[in-house]
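K.L.:
Taken from TrEMBL, the feature transmembrane segment covers 132-152, 230-255, 267-292. Feature annotation from TrEMBL assigns domain 'Palmitoyltransferase DHHC' to 185-304.
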């Protein structure tokens, strides 16, 4: 294989998706807040000195540097914070005690306060507590979503062969039975006789059966063969994204100064924002495709029905056979039959009604 083949768009997109997936997973597993030095006063703290965090989520306990004598100041955060409910149902199980501000002395000179935050996502908490079932389940879901992504990206979406194969001869015979009122088109790009619901994809340079759309994130078309796998991928990916969104939020702790917070939690917060965006996109995609599957239509037909010859002469969708049969045909291929047969049956029924 030529070296420049590795720079093809498909290879770059799939590699980027894989790296991004495991990068976010590693952040959720490995993120931890190390020792943070908070600049403090150059005097001994008074009894009314307080550190004021900005979040109802409770920070971890403060610990002095090893090897330095310390004197506890007896100051604590507002006790009312401890009684506030957690923002997430499982957050209360992983919260640590309240932090305490400690002043450290070297001889007679006070040094800045040191606050150590034990802050990391719930995955890390479960891992440290020896509860490996939940982290392993999350990893398996991530791996499953990645495998489904690669399957949709690499599999044949249902290309129309230039030279019909033996198993396609029956479909070609059914295609010839379509009433001449809707003549079949010959593709002007690849010169094949297009079956009903097929369309030429300029990116793939092939005609695709039951063409839905060309997905740039997959670098592949979504068509008759891989559309069910695409919907399954969206469903599993949405579960992983929502779970990851909760895990990222469970590890966030907000405090001042903001520069110190950005250094300690900036990466996790960026991960949270990225997961929020991906979750929104996946939710909209899954909802729209479930609607299309339930009505036995495609994205291309839904958007361009007024320009498609076999749809613009009909008031409704000639391929819609009801919710149950639409779902059974989409996911299980039952009842079998070509789109030309369904169209002819609908045409015959419409003629009898008239």
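Quick reminder: no glycine exception, Cβ is built from N, Cα and C everywhere.
Walk me through where these features lie, including what they touch and how far apart they are.
P.N.:
Beyond the ends of the transmembrane segment (267-292), by six or more residues, the same chain brings 24, 27-28, 31, 121, 212, 230-231, 234-235, 237-238, 241-242, 244-245, 248-249, 251-252, 298-299, 302 to within a C-beta distance below 8 angstroms of the stretch.
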K.L.:
Six or more residues out from either end of the transmembrane segment (132-152), which same-chain residues have a Cβ under 8 Å from its Cβ atoms?
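P.N.:
Sequence-distant neighbours of the transmembrane segment (132-152): 14, 17-18, 21-22, 25, 29, 123, 126, 215, 218, 220, 222, 226, 229-230, 232-233, 236-237, 239-240, 243-244, 247.
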K.L.:
Can you give me the average pLDDT across the domain 'Palmitoyltransferase DHHC' (185-304), rounded to a whole number?
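P.N.:
Per the prediction, mean pLDDT sits at 93 for the domain 'Palmitoyltransferase DHHC' (185-304).
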K.L.:
Please list the DSSP helix, strand and coil residue counts for the domain 'Palmitoyltransferase DHHC' (185-304).
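P.N.:
The breakdown for the domain 'Palmitoyltransferase DHHC' (185-304) reads 67 helix, 14 strand, 39 coil.
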